[in-house]
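What follows is a single structure, written as structure tokens, with notes after it.
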Amino acid sequence: MILANVFCILLFLDKILHSLASGQDPHGWRTPVDCVRANELCAAESSCSSRYRTLRQCLAGRDRNTMLANKECQAALEVLQESPLYDCRCKRGMKKELQCLQIYWSIHLGLTEGEEFYEASPYEPVTSRLSDIFRLASIFSGMDPATNSKSNHCLDAAKACNLNDNCKRLRSAYISTCSKVISATERCNRRKCHKALRQFFDRVPSEYTYRLLFCSCKDQACAERRRQTIVPSCSYEDKEKPNCLDLRNMCRTDHLCRSRLADFHTNCQVSFQSLTSCPGDNYQACLGSYAGMIGFDMTPNYIDSSITSITVSPWCSCRGSGNMEEECEKFLRDFTENPCLRNAIQAFGNGTDVNLSPKNPSLPVTLPPKTEKSPALPDDINDSNTIYDTSVITTCTSVQEHGPKLNKSKEHSLCFSEVCVMASPGKRERGRLESMEV
């Protein structure tokens, strides 16, 4: 009897080890791996590797849809859906990121019929939150992003960057590259400028980059410094604005740009099931996806240096869209009228985050009778109007301190006096490029 039990245990352990080695857990679910590792696992199995080669040949044809209609191509795709390649994901900034993304899209481009408006992100989900960024920023700089309301937060962010060797070096590199005039007809080398920007935002910790991109402002000079962060005269602006759908199509021909755009849509797409309008109420995921698009054709930026509203957009318009105008406007609104992105930028500027974990219950307090009962919200979101109007999320520190005792109109007035925002057009101040090095 004992020998029989030992034998069963050994068989069970052997099954577990075999499952882990093949990329599956003991219950039959595949353990997610990055696409480079998934490709290695597939190559070690003859059936998978041969099907993968077949699919790549199918996708290499000029008419992808015609190739995928081929029975052999469809059979290859069905087999690969049961392999680790189907569930694989990539990490932004990983050593072999481009190779990983190429493998990912070689599978997932075959799963879609034509162009999709929103594509799933090839990157692993973000689990960190803004509160983690605030904690690190406090450790490195000795102050939170929103402390000292009288200071110029964007100038403070530049000073904090200069105190870090890596941040200072890479920031100086992209400012120098993007500000260098090539000739009378070519104001800069945009390709090199974009590459330098990507290196900065991929290699410098977000506790520095976020403070430069999303610093809160109360005057136009501060807002203009924030707008000039990415040297928009080279990295962003052009003589004419292309059509947004044409710009999207161009972006999708590049695996990196396509992936960053898909990641932005995944993490910043407006959600009506959350308090903040963001998927999973995760501001950090949205801001990281936004920053990840800088340095590509789809580079977004603040459209002006206004202090009355936050408006960001890629450098494009919907002129010449024809019968695709509705789709184009929808695409553009994901940037210009996105409450998730706007609330995330405001939250970072105010040094606040949504705390979804329940706190220890406090002692009961006797309150005067009310004629209306407001719905209960998490402790860190005290604007009772939030649940009805997700386009405005109260994230001001002043509201957090006073709690729900303030009436709504007063909360909103306090909030908007705290928030740095931008909307009316302003002239570009080229002389500010030199002052950015401060």
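Sequential numbering from 1, following the chain as shown.
Backbone N, Cα and C define each Cβ position, glycine as well.
Any TrEMBL annotation is an automated prediction that lacks curation.
Since we're looking at a predicted model, the values are computed, not measured.
Quick look at what TrEMBL lists:
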- 1-23: signal peptide (SIGNAL)
- 35-112: domain 'GDNF/GAS1' (DOMAIN)
- CYS42-CYS48: disulfide bond (DISULFID)
- CYS154-CYS215: disulfide bond (DISULFID)
- 154-234: domain 'GDNF/GAS1' (DOMAIN)
- CYS161-CYS167: disulfide bond (DISULFID)
- CYS178-CYS193: disulfide bond (DISULFID)
- CYS188-CYS234: disulfide bond (DISULFID)
- CYS217-CYS222: disulfide bond (DISULFID)
- CYS244-CYS316: disulfide bond (DISULFID)
- 244-340: domain 'GDNF/GAS1' (DOMAIN)
- CYS251-CYS257: disulfide bond (DISULFID)
- CYS268-CYS286: disulfide bond (DISULFID)
- CYS278-CYS340: disulfide bond (DISULFID)
- CYS318-CYS328: disulfide bond (DISULFID)
- ASN350: N-linked glycosylation site (CARBOHYD)
- 358-382: region 'Disordered' (REGION)
- ASN407: N-linked glycosylation site (CARBOHYD)
Highest CB neighbour count within 10 A among the disulfide-bonded residues CYS42, CYS193, CYS222, CYS286?
CYS286
Are there any residues at least 6 positions away along the chain from CYS48 (disulfide bond) with a Cβ closer than 8 Å to its Cβ? List them or say none.
LEU41, CYS42, VAL79, LEU80, SER83, LEU85
Taking CYS154, CYS161 as the disulfide-bonded residues to compare, which has the smallest set of other Cβ atoms within 10 Å?
CYS161
Rounded to a whole number of Å, the separation of the Cα atoms of CYS340 (disulfide bond) and CYS217 (disulfide bond) comes to 19
Which disulfide-bonded residues (CYS167, CYS217, CYS222, CYS244) fall within 10 Å of CYS154 (disulfide bond) by Cα distance?
CYS217, CYS222
Name, in the order they occur in the sequence, the residues of the same chain whose CB lies under 8 A from the CB of CYS328 (disulfide bond) and which sit 6 or more residues away.
ASN243, CYS244, LEU245, CYS318, SER321
So for ASN350 (N-linked glycosylation site), how many other CB atoms are inside 10 Å of its CB?
23
